[in-house]
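A.B. asks: Annotation source TrEMBL lists transmembrane segment at 12-36, 56-73, 79-109, 116-135, 147-171, 183-208, 220-240, 252-273, 279-301.
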Amino acid sequence: MTPAPPNDGGDLFAANLTGALLAVASSAFIGVSFIVKKKGLRRAGAAGTRAGVGGYGYLLEPLWWVGMVTMLIGEIANFVAYMFAPAVLVTPLGALSIIVSAVLAHFILNEKLQRMGVLGCVLCIVGSTVIILHAPEEETPSSVAQIWHLATQPAFLCYAASALVISLVLMLHCAPRYGQTNIVVYVGICSVIGSLTVMSIKAVGIAIKLTIEGINQAGYFQTWLFATVSATCIIIQLVYLNKALDTFNTAVVSPIYYAMFTSLTILASAIMFKDWSGQSISSIASEICGFLTVLTGTVVLHSTREHDPTLSSDLYTPLPPIYWHIQGNGETGGKQKEDDLLSGDFITVVRQDYFV
């Protein structure tokens, strides 16, 4: 009996379904890891220098490592999902991790989830369902050399070069100056580098899948190059994601990271793998609407979550003022009476960095 060809419609649908289920499981683990890592970062920050200002004390915090292991499990599931399904399907399902982290943050981190936040969760689920139902059926490349050909197209080379330049500007110029006050800096680095991570991880995943099927890809130098790029990008993402989580509220980091990372990944995948090639206009429109629905859900979820003060806000909290009365004979006398504030010969002394 002749086996079905690899591009059989039933096989492609089964592959998409497998990839979708793995992506959902990945989102659950990653959502949990956000909360566990946040708890670990808080503990480490209370005992030493915070990660947001360059500290690495969290590496000695067991709870942070539990979160890392949980995230690793989720990323492995995500990694395998890319072997079966296109990035246009797998990446948007990452929104489900926001729902998990939002619910757990409500109970564990006391970051309250309001009623409209529940609506945001529902929108994320509805949008994800639409994306799954209209996802493109992607044929698996037959070798790493074929993936390399896709990666060296002029259009994708332009995207990769632009991503590297933007990342370097954000890391070398913007991060030291604005990283502690502007969330887009840290999250932007994670998102731009993350889009390259997904492309290289997908290439490595396909190489592993082909090797398991008996078509050895270890002899191609491109396999090891893609693996090196993946490892490098993942390390950069982890460093700046830790900085973002330690500096800003989880309710802020998660949706903004999702929106930027998913948008850039879909763009990169559409350029490199031509995911939408051969699809009808209605299917592409449905996928875009599904993504916009998920994006709307993340915005609603973010806008209705209360913001807890970050540790960095302590720099801008004035100390109790000290009032000095300059007496006529040149002597100074300390007073702290509230009604003396009306006198013109009083000086209020606060922390210098309050005015920074």
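Keep in mind that glycine also has a Cβ here, set from the backbone N, Cα and C atoms.
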A.B. asks: When each of 12-36, 183-208, 220-240, 252-273, 279-301 is checked against the transmembrane segment (116-135) for Cβ pairs under 8 Å, which one has the most?
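C.D. replies: If we count Cβ pairs closer than 8 Å to the transmembrane segment (116-135), 279-301 scores highest.
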A.B. asks: Counting Cβ pairs under 8 Å to the transmembrane segment (56-73), which of 12-36, 79-109, 183-208, 220-240, 252-273 comes out on top?
C.D. replies: 12-36
A.B. asks: How about the transmembrane segment (252-273) with the transmembrane segment (279-301) - do they touch, taking at least 3 C-beta pairs under 8 Å (6 or more apart in sequence) as contact?
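C.D. replies: Yes, since the transmembrane segment (252-273) and the transmembrane segment (279-301) share at least 3 Cβ pairs closer than 8 Å, they count as touching.
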A.B. asks: Thinking of Cβ pairs under 8 Å, which stretch from 79-109, 147-171, 279-301 has the most of them with the transmembrane segment (220-240)?
C.D. replies: 147-171
A.B. asks: Against which stretches of its own chain does the transmembrane segment (147-171) lie, if we need a Cβ under 8 Å and a gap of at least six residues from its ends?
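C.D. replies: Residues 141, 185, 188-189, 192-193, 195-196, 199, 203, 206-207, 220, 222, 226, 236, 240, 264, 267-268, 271-273.
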